[in-house]
Amino acid sequence: MDQFTLNLIVVGATFALYIGIAIWARAGSTSEFYAAGRGVHPVLNGMATGADWMSAASFISMAGIISFGGYNTSAYLMGWTGGYVLLAMLLAPYLRKFGKFTVPEFIGDRFYSQTARTVAVICLITASLTYVIGQMTGVGVAFSRFLEVENTTGLLIGAAIVFFYAVIGGMKGITYTQVAQYVVLIIAYTIPAIFISLQLTGNPIPPLGLFSDAKSTGLPLLETLNGMLKDLGFTEYTKQTDTTLNMFLFTMSLMIGTAGLPHVIVRFFTVPKVSDARSSAGWALVFIALLYLTAPAVGAMARVNLIDTVYPNGTTEAPLAYEARPDWVKNWELTGLLGFDDKNGDGLIDYVADKDANEFTVNNDIITLANPEIANLPGWVIALVAAGGLAAALSTAAGLLMAIASAVSHDLIKSQINPAISEKGELLAARVAMAVAIAVATYLGMNPPGFAAQTVALAFGLAAASIFPALMMGIFSKRINNKGAVAGMITGLVVTIVYIFLHKGWFFVASTASFSDAEPMILSIKSTSFGAVGAVLNFAVAYIVSNATDEPPVEIQELVESIRVPRGAGQAVDH
Amino acid sequence: MADNSENNAYWAANKRIIVISLVIWFICSFGFGILLRPMLAGIKIGGTDLGFWFAQQGSILVFLVLIFTYAIKMNKLDKEHGVDE
């Protein structure tokens, strides 16, 4: 059986499973559509959060970025896991106690202001939409390889499937489907990693393999890799080249962005009790850590294998002839994401650091998907990875679209524009909002502002600068009032998005950029790292404005008191 | 609901646990993984240095321990202050 047929069978089988579950758990009421009727067990909820969280950025893109960036990309690993500590301690239990459906709802009630709620909706849509663009980039890569078509075609097919998938289900459908998706994606991620770790180091556990000796040289794997890279003129894998300031701010942006992303926070609205919200965050991180501990091993090992493929006789010898290139190189050439340009006309694949002499370009985003092919693993493993990548992209895209849909239908239309809207009308509005979001994200996904994980990192910066500070101050301070919160959110969002647009182009149209991440506007702060600065400004402005204006009314101060203690969460209002 | 002073004591205890946890969170990620890495460069582990290990593996393990410890401590605290569900 050829690889294409095998891919179709495995991917088809997993899709049938998800759609089956989605139909079985079809959402009936609005309460089920948004929050699964608050009946989800913490471990299952943690698993679903894991699937929701680990998107195309984590599954498809991150290992590739680590592979080519080495130590400098550690921010992705620390940032996207460390945020759960903040979530578990600073937000999740109190928001569950508050007991509503959406993040803007909390902000609107706590800051007793429809304006605050509307600003929160705008922040939420901006961050989520940017995030969906990153997902669409990943979906495009996965589908183009799997269906053996050009990248743009893959993106359009992927978008159609995401649309169908997110629109028929609601949160409940998504919760149980996501448990299935988690299982598929984690198996798909770890199995090739185990094989490759065994091949390279003899250790079957990839996170241990990363710090073990390479079979080929007898030296530690990372030393071996450093040596290879040095021969070819690349920076050593473990060396820091990014500035400490930028690494610090980037890690911080990703961490607080994690805690401020609405599609993750709403997960904690669906657990039965406040104590479950805390443990659910822990379980989510357990399931996420399985992938995040594997990813750095995948990154380093893929780089070793890639160099081994191009330099079969060692990095000090001549590289492989283009005519002798393996099948995986040919397969990926079809997608346009891997290329060879014989600059010196010698027919050999020269892969070196020097840009003028390098003839081999590999898009970061293909590393995870190509990894099993590079390592010559069996066909079913390759098919499984394709299925896993699609599971990751679909589950997150669906979760994000839910967050956007509920913000529009619930926080804008039902609460402000037309309170008399029927349940049916509200669901329809939610679905229309999803469709518009997918269309916009697909369009922007064709010319993304970066690799999937980088685009997603921008979304985190936006969430970090706008939503996280408002939520945290709403819980930990009784003094922050409506005016302070609104001023803070607007400052954080505007400053961050302007900084991003100055570097990535206005509305991500690259030609309108005034600066680049290679030479940022302020010090060495890249656009992906600016969220942390935006967050600090948000806190500062909110504090100053609140202290210059009236303190919140007594009933709001009582509300803050009440969300701080778990007792009474069961009586939380239902709509 | 218990009276206000009881709730205030509960909240103060919660905040104390959070502060201690976040200090550890900061030191193991931003500290060992980024800021203090040059100082730890002498400590070798698996072909690289301790800072690299913390940045790519150690910090994640610490985060896991922190969240579950917090969840357990808070469950105990909830009961002690009579605010459990």
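Cβ coordinates come from backbone N, Cα and C, glycine included.
Feature list (source: TrEMBL):
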type: TRANSMEM; residues: A:6-25; note: transmembrane segment
type: TRANSMEM; residues: A:75-95; note: transmembrane segment
type: TRANSMEM; residues: A:116-133; note: transmembrane segment
type: TRANSMEM; residues: A:153-170; note: transmembrane segment
type: TRANSMEM; residues: A:182-200; note: transmembrane segment
type: TRANSMEM; residues: A:247-269; note: transmembrane segment
type: TRANSMEM; residues: A:281-302; note: transmembrane segment
type: TRANSMEM; residues: A:380-408; note: transmembrane segment
type: TRANSMEM; residues: A:428-445; note: transmembrane segment
type: TRANSMEM; residues: A:451-472; note: transmembrane segment
type: TRANSMEM; residues: A:484-502; note: transmembrane segment
type: TRANSMEM; residues: A:522-545; note: transmembrane segment
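Between the transmembrane segment (A:522-545) and the stretches A:75-95, A:116-133, A:247-269, A:451-472, it is A:451-472 that has the most C-beta pairs under 8 angstroms.
Where the transmembrane segment (A:428-445) meets the stretches A:75-95, A:116-133, A:281-302, A:380-408, A:451-472, the count of C-beta pairs under 8 angstroms peaks at A:380-408. Simply put, out of A:116-133, A:153-170, A:182-200, A:247-269, A:281-302, A:116-133 has the most Cβ pairs sitting under 8 Å from the transmembrane segment (A:484-502). By the count of Cβ pairs under 8 Å, the stretch nearest in packing to the transmembrane segment (A:451-472) among A:75-95, A:153-170, A:182-200, A:281-302 is A:75-95.
Across A:6-25, A:75-95, A:116-133, A:182-200, A:281-302, stretch A:75-95 shows the highest tally of CB pairs under 8 A with the transmembrane segment (A:247-269).
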